[in-house]
Every structure is written in C-alpha cells, then in structure tokens.
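As structure tokens, the structure follows; a few thoughts come after it.
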C-alpha cells in the first residue's frame with residue numbers, strides 16, 4: 001500500500017508515517033486558524049513583540065512572554081510546516097521563521113527543516129533508475145546515462161522548456177567583464193528544479209558515469225560557469241551567513257542538514273535510511289549562492305562542494321571545516337547519489353571501486369554539451385534511451401526498432417531484464433514453488 005501510494009502521489013495514512021510524527025498544518029493555514037481565535041491571535045502578537053530584539057533568556061524571564069509561549073505551543077502554529085513548491089511557499093516560510101528563530105537556543109549549527117518530511121521511499125524515481133541501470137551489462141557499459149537523461153528530458157515538454165530556459169539564461173554573456181546574469185540564472189534553475197518532476201531532474205543530477213566525458217556532462221548540468229563558479233572563493237561561513245539571511249535559502253539549507261546529515265545510527269548513514277529525502281533536499285539548494293556541485297569529472301569518487309573555502313576563518317576554522325565537510329565528506333549524500341545511479345533505493349553492500357581514470361582538464365569555460373551528440377569515448381547508439389515510461393505517459397508508442405526491445409512489463413523487468421535487481425517482491429519465490437510442485441509430481445513416477 002505504501003509503495004502504491006507513493007507511486008500515485010498520495011499521502012501516506014497516519015499508520016504508515018514515521019513514529020511520533022503527525023500530519024502538520026501548513027503555516028499559512030495555521031496563521032489563518034490562529035487569527036480566527038482571539039486568545040491565539042493576541043498571544044501570537046505578544047510573542048512576536050517578545051521575540052523582537054530580545055534574547056531567549058530575557059524573553060523567558062518575562063511572565064507575559066512565558067504565557068504567550070505556552071498558548072502558542074498548543075496552537076497549530078507551533079508545529080506548522082511548509083511544502084516545497086507550494087503556492088505561498090515564501091509566505092509560509094516567513095511565518096515559520098518568525099516563530100522558530102526566536103525560540104532557537106542561540107545560533108544553532110544545525111536547524112530543523114521547516115518542510116514536511118518526505119515519507120516515501122521506493123518511489124517511481126528509483127523504479128525508473130532501476131529500469132535504466134538494469135539493462136544488459138554489455139549495453140550498459142557503453143551507455144552514457146547523463147546523455148540519456150538529457151534526451152529523456154527533451155521528450156517531456158515541461159522539462160524541455162524549463163531546461164532550455166535556464167541553459168539559455170545561464171549561457172547568455174552580458175559583456176566582456178560580466179559573462180552572465182547570476183541572479184537570473186539562479187532564478188531559472190530554481191524554477192526548473194521546483195517545477196519539473198524528480199524522475200527527470202534526479203536523472204540529470206545523479207546519473208552514473210563510467211568515463212570522464214559523461215562525468216563532465218553531469219558536472220555541467222547546472223552550467224557551473226555562471227551558477228556555481230566565481231572569480232574568488234568566499235569563506236564558507238560567510239556564505240552560510242548570507243544564506244541564513246534569506247528565508248528561502250535558510251529553509252533549503254536546514255532541509256539539507258535534516259535529511260543529509262550523516263548518522264551512524266542507520267545502515268546507509270542517512271537519517272531514516274531515506275535516500276530520496278536527501279537527494280530532494282540537495283536539489284533544493286541549487287539556484288542559491290550556496291549551490292553545491294561536483295568538483296571535478298572523476299568517476300572513481302564523488303566529491304560535492306559549494307563554491308567556498310575555509311581560508312581566513314581565524315578561530316572559526318573548526319566550525320567552517322565542519323560545515324564544508326557536510327558536503328565534501330558526507331557518506332549519506334555520497335551513498336544516496338551512488339544508489340540512485342545504481343537504480344536501488346537502499347544500497348547496503350559496498351561497491352568495488354572503479355579502475356582509476358584520468359579526469360579531463362578543466363577549461364576556462366566549458367561549453368554546454370549538446371544533447372544530439374554522444375560525448376562518451378565508446379561507440380554507442382545514442383538513439384536508444386530508456387524512456388518508455390515517458391513515452392507511455394505522453395500516449396506515444398516507441399518505434400519497432402531498438403527502443404521497442406527496451407520496453408517491458410513489470411513482470412518481464414522482474415524476471416528477464418533485472419534478475420539480480422532488488423524488487424518489491426522476490427521473483428524467485430514463485431519459481432521455487434513451481435519447482436517444488438514439479439518435484440512432488442515426479443516422486444510417484446520414480447517410485
């Protein structure tokens with residue numbers, strides 16, 4: 001039931017939600033409910049006055065402020081959350097932070113996410129990736145998954161339009177000294193990742209690569225020369241401070257820390273072993289000054305970092321390194337990206353490292369790689385792409401060519417295409433029962 005609900009985009013029933021979690025009211029609605037109750041409304045105004053210009057201890061020492069806080073803790077406002085991409089997202093986040101910024105214990109290193117938790121696991125996104133990565137090994141070894149992801153995006157009108165939009169905006173040179181409008185580029189990127197389904201955006205961001213040409217295409221996904229790189233690297237704490245001054249950026253950073261903070265209490269190093277939540281919060285950071293990206297075109301290791309360093313941190317160097325390592329040395333984020341590339345939602349067995357490959361030298365400004373040219377070093381028919389689900393959604397049928405052989409039913413995918421792939425049901429269970437029945441039928445004959 002949980003799997004079917006996630007595939008249909010339906011919310012999980014209360015019994016399937018994480019322990020201790022209750023469905024929150026969004027902060028815009030909570031604010032309206034509070035405004036309709038005189039006691040809540042007056043206490044909320046009082047608390048806002050208490051929070052303005054006072055530290056937490058001073059506020060709690062005031063009896064009127066304490067009373068307002070006690071009333072507020074029983075109202076929907078206290079537990080309200082926001083949905084990413086909702087119509088009034090910024091207003092919702094402003095209401096959330098107007099309360100929680102003052103209630104925090106000083107300047108916390110990690111802040112709780114203002115967004116509703118992601119409860120789905122084996123979604124259609126990972127199912128598509130498993131179809132994609134479960135092909136014949138001989139074919140897969142020659143495939144450029146990042147090129148295929150771009151072609152899949154081009155088959156979807158919304159994905160193609162918004163992707164073309166941000167590539168055009170981020171590649172438009174304004175002058176010799178101003179290569180692009182970074183502000184407009186970031187806005188176009190945010191629109192792309194907020195409005196296009198994860199089945200397309202995740203495949204572009206987290207496609208698996210076996211050669212540096214493919215990995216360079218993956219690195220170029222967000223047009224880093226405009227959205228990511230700059231002349232000088234700022235200090236990471238300065239970058240974090242600037243992000244926290246903006247409600248939207250602060251929310252996305254808090255969401256990343258909530259869902260991608262490495263933990264030793266799970267098998268995958270991710271909170272709740274939830275890879276999808278981590279990948280979604282990573283994508284949510286793209287389009288801000290704190291935008292993360294792949295640092296190189298290496299295929300042997302995945303290193304993610306925002307464009308910053310810890311030089312000049314002074315006595316804050318330890319805190320700066322801790323913040324930077326949440327990106328560069330984060331096993332949760334690395335495992336989530338590798339799991340998606342492998343087409344598995346949770347990958348518990350360590351993979352053997354790929355043989356060393358020399359990375360491509362970094363150019364001053366790499367051109368955007370075209371989608372009609374295979375940039376892999378191997379001979380591969382780039383017209384063959386695993387986009388059957390996209391074609392079916394649009395009511396199209398693949399031609400009777402190589403594409404036809406890639407479209408299978410779920411039963412075929414379970415038994416023929418992906419015999420070793422983890423699925424929701426064990427495909428071997430049925431066959432073993434058939435073998436047992438045949439053995440039982442043979443016993444009287446032998447006797």
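All positions are counted from 1 along the displayed chain.
Glycine too: its Cβ is placed from the backbone N, Cα and C atoms.
Quantities reported herein were computed from a predicted structural model and do not represent experimental measurements.
Listed in TrEMBL for this protein:
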- 27-104: domain 'GDNF/GAS1' (DOMAIN)
- 34-40: disulfide bond (DISULFID)
- 146-207: disulfide bond (DISULFID)
- 146-226: domain 'GDNF/GAS1' (DOMAIN)
- 153-159: disulfide bond (DISULFID)
- 170-185: disulfide bond (DISULFID)
- 180-226: disulfide bond (DISULFID)
- 209-214: disulfide bond (DISULFID)
- 236-308: disulfide bond (DISULFID)
- 236-332: domain 'GDNF/GAS1' (DOMAIN)
- 243-249: disulfide bond (DISULFID)
- 260-278: disulfide bond (DISULFID)
- 270-332: disulfide bond (DISULFID)
- 310-320: disulfide bond (DISULFID)
- 342: N-linked glycosylation site (CARBOHYD)
- 399: N-linked glycosylation site (CARBOHYD)
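Structure coloured by features recorded in TrEMBL.
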residue : record         : Cβ within 10 Å
153     : disulfide bond : 24
170     : disulfide bond : 24
180     : disulfide bond : 18
209     : disulfide bond : 25
214     : disulfide bond : 26
236     : disulfide bond : 27
249     : disulfide bond : 20
260     : disulfide bond : 28
308     : disulfide bond : 21
332     : disulfide bond : 22
Distance [Cα-Cα, Å, rounded] between residue 185 (disulfide bond) and residue 34 (disulfide bond): 38
Do any residues at least six apart in sequence from residue 310 (disulfide bond), in the same chain, have a Cβ closer than 8 Å to its Cβ, and if so which, in order? 235, 236, 237, 317, 320, 321, 324
CB within-chain contacts under 8 A for residue 207 (disulfide bond), separation at least 6: 145, 146, 148, 149, 214, 218, 341
In sequence order, which residues at least six apart in the same chain have a CB under 8 Å from the CB of residue 40 (disulfide bond)? 33, 34, 71, 72, 75, 77
In terms of Cα spacing, which of the disulfide-bonded residues 153, 243, 260, 270, 278, 308 are within 10 angstroms of residue 226 (disulfide bond)? none
Nearest by CA distance to residue 249 (disulfide bond): which of the recorded positions is it, out of 260, 332, 342? 260
